[in-house]
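Taken from TrEMBL, the feature active site, phosphoserine intermediate applies to SER109. Positions annotated as Mg(2+) binding site by TrEMBL: ASP59, HIS170, THR172. As annotated by TrEMBL, Zn(2+) binding site applies to ASP59. Taken from TrEMBL, the feature signal peptide covers 1-15.
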Amino acid sequence: MKALLLLLLAQLCSPSLVPEREKDPEYWRGQAQETLRDALRLQRLNQNVAKNLILFLGDGMGVSTVTAARILKGQLQNRKGEESLLEMDKFPYVALAKTYNTNAQVPDSAGTATAYLCGVKANEGTVGVSAGVTRDRCNTTKGQEVTSILRWAKDGGKAVGIVTTTRVTHATPSAAYAHSANRDWYSDGEMPPDALEGGCKDIARQLVENIPDIEVILGGGRKYMFPKNASDVEYPHEDKHRGTRLDRRDLVQAWHDVKPPGKVAKYVWHRRDLLALNLSRVDFLLGESQHPGVPWPQLGALGEPLVCPRVLGQLLHSGDAATPPP
């Protein structure tokens, strides 16, 4: 009985069970367009072109999680809790979206970020690619890349940025710029030999190369940008913070090198340096802490809630910007 159950579960999660039509990005985009047309027929909405856009993307924001947060907020204010309102409950328009991977009912953040930012559902553990890509199979990636709203905004002449409380190469933010058969390929040090031999790029390298003119990048995961065993600037004596790159590249320097002549690019890792910047004179900003996935007040030297308004304010300074995703 146990063997039969395991067999059934393996079959349910098999990429081969994904219908062929779901491997085509246009299938998902067609569904989205039809849903939008139906919504527009039912109500009068502001259909003017948006000047700016900020996407707040929180992992695990299902109904049960949001309900628990709402109740906790009220109880922390010495009330029952159910009557409490989150700020997003007050928005004039709200909606629910189904979140699943094409080969799994319970999704991971790579597949859901791909759906959220690229409009295409994908297989579990893959990011920025269609369901035609099998996890860990580098040779299934070519031709299956899907572009994100960050790319569309950039192509439309917008300024763009990524600000995250996790590592910038993590599954959720990486869907904005990367295409990978495995969400965990943060640097080439995390990639298997066959993927490297197959020509697949790690996610940190794609951050620098795929869309080199992202105006603002703030988050964690600094070690994936530096050569293997290179000491960390903030924690020089801790092995877990040493660089991981097998190609011995310094991607922060590479990030500087690809900027256009005459443009000012600044890299910071400490809060004091970030706050000391004259942002009106900075064209490109990269700030990386070493602590992924922890609250902002504990993000090490870089993290501090007041940083975001200043940085986002400068990003929007031109009055023509888009900002996916936290």
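Yeah, the Cβs are placed from backbone N, Cα and C, and that goes for glycine too.
Predicted automatically and left uncurated, TrEMBL annotations should be read as such.
Structure coloured by features recorded in TrEMBL.
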residue : record                                  : CB count, 10 Å
ASP59   : Mg(2+) binding site                     : 16
SER109  : active site, phosphoserine intermediate : 21
HIS170  : Mg(2+) binding site                     : 25
THR172  : Mg(2+) binding site                     : 27
Conformational class of HIS170 (Mg(2+) binding site) under the three-state DSSP mapping: coil
SER109 (active site, phosphoserine intermediate) and THR172 (Mg(2+) binding site), distance between Cα atoms, whole Å: 6
Cα-to-Cα gap, ASP59 (Mg(2+) binding site) vs SER109 (active site, phosphoserine intermediate), nearest whole Å: 7
Shell list (Mg(2+); ref centroid = CB of ASP59, HIS170, THR172; cutoff 8 A): LEU57, SER109, ALA113, THR164, THR166, ALA171, PRO173
